[in-house]
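**Q** Would you mind keeping the following structure in view while I ask a few things?
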């Protein structure tokens with residue numbers, strides 16, 4: 001009995017070995033081990049913070065454009081079913097679509113940056129590349145069809161003249177163009193006769209008139225615009241009308257203005273593409289840091 005007790009005490013005094021547990025851990029499949037996130041360097045951290053701020057800025061811009069579009073539709077009664085004209089012709093719809101697209105893409109960029117999500121970053125990268133490709137394609141098509149732009153511009157202005165009283169957005173646009181370029185109508189001030197409200201056969205007070213934005217001095221040396229400064233001008237001859245309104249049309253003036261602004265338009269398009277390319281490069285950098293071996297897998 002004494003010998004058995006001595007053997008038991010020796011067994012208890014033996015040091016505990018963890019080699020068996022180590023062997024068990026080493027036998028675990030690789031898929032069951034917790035993944036270790038890659039440690040980002042200083043430059044990668046800076047890119048991450050910059051990408052988040054970049055996308056946050058455009059997210060706010062997208063929400064602002066969306067708010068302006070929704071406010072415009074509400075103000076004109078679209079969302080309450082009070083308008084009979086088709087919704088697709090409303091310029092405010094463009095703000096809504098641009099705001100939704102920019103907000104969705106920028107939100108994906110923000111969340112993908114914060115959560116280091118390859119899926120969201122790939123979605124953001126794909127959306128930016130798609131938009132950039134469409135913009136480049138649209139620019140090339142406009143360049144190839146530049147000789148037809150005059151006819152398209154004339155058709156657009158003709159639509160604005162026809163729906164001048166019905167659409168506040170088109171009215172504002174036409175007034176701004178006529179006041180800025182000092183023009184009236186398409187080819188001349190008499191083009192306003194096609195408008196059912198300004199036509200000489202109309203029954204309203206605006207019959208045989210043109211908008212106040214055609215007047216040489218719509219304020220007439222005052223602070224408030226005189227909305228009746230061009231009333232009855234279509235009854236007058238060209239010589240008498242020239243003392244009240246601008247006789248020249250806006251198509252030629254607008255075409256000349258666009259040709260003069262071609263450099264600025266090209267520079268703006270280049271800046272837009274550069275901004276999108278910067279966002280895409282930052283997304284690519286983060287994807288390489290997060291999944292260097294299987295970025296597209």
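In case you wondered, yes, glycine gets a Cβ from its N, Cα and C as well.
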**Q** Which range is it, out of 20-44, 120-144, that shows up in TrEMBL as transmembrane segment?
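**A** Going through 20-44, 120-144 one by one, TrEMBL flags 120-144 as transmembrane segment.
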**Q** For which of the residue intervals 52-74, 167-189 does TrEMBL record transmembrane segment?
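**A** Based on what TrEMBL states, transmembrane segment spans 52-74.
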**Q** Given a 10 Å Cβ-Cβ cut-off, pick out the one of the disulfide-bonded residues 184, 200 that has the most other Cβ atoms nearby.
**A** 184
